[in-house]
């Protein structure tokens with residue numbers, strides 16, 4: 001494989017010295033970019049973008065052609081796994097993801113297959129190897145998956161949910177069924193991420209988007225325990241380099257100490273945490289990724305720059321910080337503001353890496 005020309009993202013994750021704080025954005029390939037909207041129109045719909053490795057590669061690289069980002073992230077969706085389990089993923093315009101089938105009983109869950117990463121999700125592995133080849137060492141490529149709890153909520157609810165009524169009812173009424181579902185998902189995610197690593201992903205992130213909706217006790221038992229299983233089963237070295245693992249629970253600021261114990265290299269933070277406090281709490285164990293409120297990107301460039309400066313100062317000197325948003329960039333953001341954000345991180349962070 002081609003040598004990396006810019007490895008500061010991987011170095012920061014592993015707490016090795018860097019020249020400036022690396023930066024990338026969750027959903028950096030997305031609807032805020034006119035070139036992405038054009039590609040999506042050419043592909044026909046969102047799933048065609050995901051399932052065609054050439055389109056997935058094209059949109060993964062678009063933000064890198066526009067901005068000096070320090071990492072690329074595979075263009076895909078967390079719901080590829082439930083789709084491969086036979087639930088029939090589709091997208092309603094303006095509605096978000098839906099499933100043709102849901103799971104509601106122990107029998108439904110027992111009948112679910114564990115997808116084979118190469119056979120059932122081969123299009124994702126093809127996308128990873130295509131992107132890695134096209135990147136040609138520019139920056140590292142991040143692979144990703146949803147956490148078991150987050151995937152389970154979509155499978156039980158049949159789509160997005162505000163209150164997770166059905167998923168939580170199953171968790172409390174029928175914990176045996178929920179544990180079986182989460183166990184199958186943990187096995188599926190482990191083999192899926194390992195497939196991505198073998199196809200060329202140089203770091204992986206587990207997105208626990210809905211872990212923060214749980215009580216403390218339920219979070220430990222139904223979300224964190226299964227992420228620990230995944231982390232323990234991942235390939236941690238490939239191609240002569242360590243493969244860092246990032247775990248991101250949105251709304252997980254209460255539980256950073258517990259999350260830092262599961263063996264991941266890096267904790268993702270949402271914008272409700274103070275990154276300086278997070279560093280004091282867990283910085284001796286893990287590196288940190290985050291954590292600007294994505295809606296700051298609707299403000300003027302000077303205000304964006306000020307907020308970047310505040311977060312950098314809060315983290316302080318030294319490595320172990322990858323700058324990111326506290327959640328995904330939203331569709332109405334002006335691409336120029338995203339550029340102002342990325343430039344501000346590089347320009348203002350050099351002083352912290354003398």
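Using N, Cα and C of the backbone, Cβ positions are placed for all residues, glycine too.
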_Of the candidates 77, 126, 239, which one does Swiss-Prot list alongside 27, 28, 29, 30, 31, 46, 154, 209, 327 as binding substrate?_
77
*Largest tally of Cβ atoms lying within 10 Å of a Cβ, found at which of the binding-site residues 27, 31*: 27
